[in-house]
């Protein structure tokens, strides 16, 4: 066991994490040169295109060090984005060490820090590495100062490398072997294995990626999950060298996979502990928690007959994404669809994109909302994740909205504009620190404000230099109201929004004005109204298209003209009673694009 090293790589988006992983695999000969491709461990197309890692992947590599010994290195690739922070903490708790990759030309950024603190809390040894030192803009001294200043770990002897050219990659492995301790654990103790990740394979069912903490596991033994108590016979165990390879057994300290003919992904929850049925461990490994969705949106098929296809696609996605939740929902305006829960905005975009790309779905998405805690006047508390389910104003005693703590990092030139943005979003400042040229701001902001367009606007006010990460803090009482949109007096449920009272009139007016531009003119007048309860806060009219019925009258008596106009008026009135207004797809997106003033 002294020759095993389990490590993962922590980095901000675009700091070269996946490229470094590729180089390490190449140096260790995990894949032949002809099988090498960029970003070996990012298996989904969408991961490659966006240049992000979503699912955790592993590679078991062997490396002959300069002291002549052969070491087994287990690389566990972690997602870097804030939405997947639970997956990151699971991946990290399976390691003894982490390479902290910092771009020498850009310095430390928000997600690096967030994941790095997670690593330090879990007691993982952090080894700093400066990447991209072949760039003309690289400034390693500055980067080292920032690492020491912001994160507070000694980085004077940080290894310098360039993952792109392969320069210094062996030095990285050497310092990894020197600084990271070998795994502890007893191969003879009762089995405890931590599930780092799980995914669905069409041929063998669920594949679980595990780190064996104690004990030994062989095929044909019976295992059980400690969170659910379900039992399964093991079919195969093995490791990935990115390609899978079956082994006779997995023992303490190793990272590998278990295939046990499990049909549902929900049975193999990330962070759960696997143990033997016969000789069970007395307690599970710490740190398991159920992941709760934070952001909800309605997904509807454009064609009503695609509903079943959408349900099947969601079921298939759920196989590979246990944190996705969905339930059927009916909307008068959009027909049948699903209310889906996501971990965050990026997660939502990815699910939508995968549905459109892998399953060829055409979707309408309603505005994303967060979960509100509503105390009703009879004292009961309900969770509301859909504006349509919000009770009438008279039945509500108090509404609490989720507040998140946001950490922002940016160069000091942009502090002013970022603070202005946070104030607009009803944020309250908690802390502000200067680290050299970088500034760290901490704000508490309602989650609902972040869901809409906070990230995009942060990038635009800081010219792309600011980075952020957020975590849920608490529910806090707030004065929020539901704004309904009425078209000719009928509520359109899919257009309801929940906003803070201070912005409700403005948002109602804006949405009404937007809809006036978007809804095509009808043969009769259409009134668009925004209402809070029974109180109308805004109104826009779409004038009717009309035919000039007087064109054929030439001269003649006024009563003749009056008669024709009256007849037209009657016809329009009749039409208005039977007609219904078609609402185009853009109207639903219009809500998203309303900016706060």
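We count from 1, first residue shown onward.
Using N, Cα and C of the backbone, Cβ positions are placed for all residues, glycine too.
These numbers come from a predicted model, not from an experiment.
Here's what Swiss-Prot has on this protein:
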type: BINDING; residues: 14, 15, 16, 17, 18, 19, 131, 132, 133, 134; note: GTP binding site
type: DOMAIN; residues: 2-184; note: domain 'tr-type G'
Among the binding-site residues 18, 131, whose Cβ has the fewest other Cβ atoms within 10 Å?
18
Could you please provide the mean pLDDT value for the domain 'tr-type G' (2-184)?
72
In sequence order, which same-chain residues at least six apart have a C-beta under 8 angstroms from residue 133 (GTP binding site)?
104, 140, 160, 161, 162, 167, 168
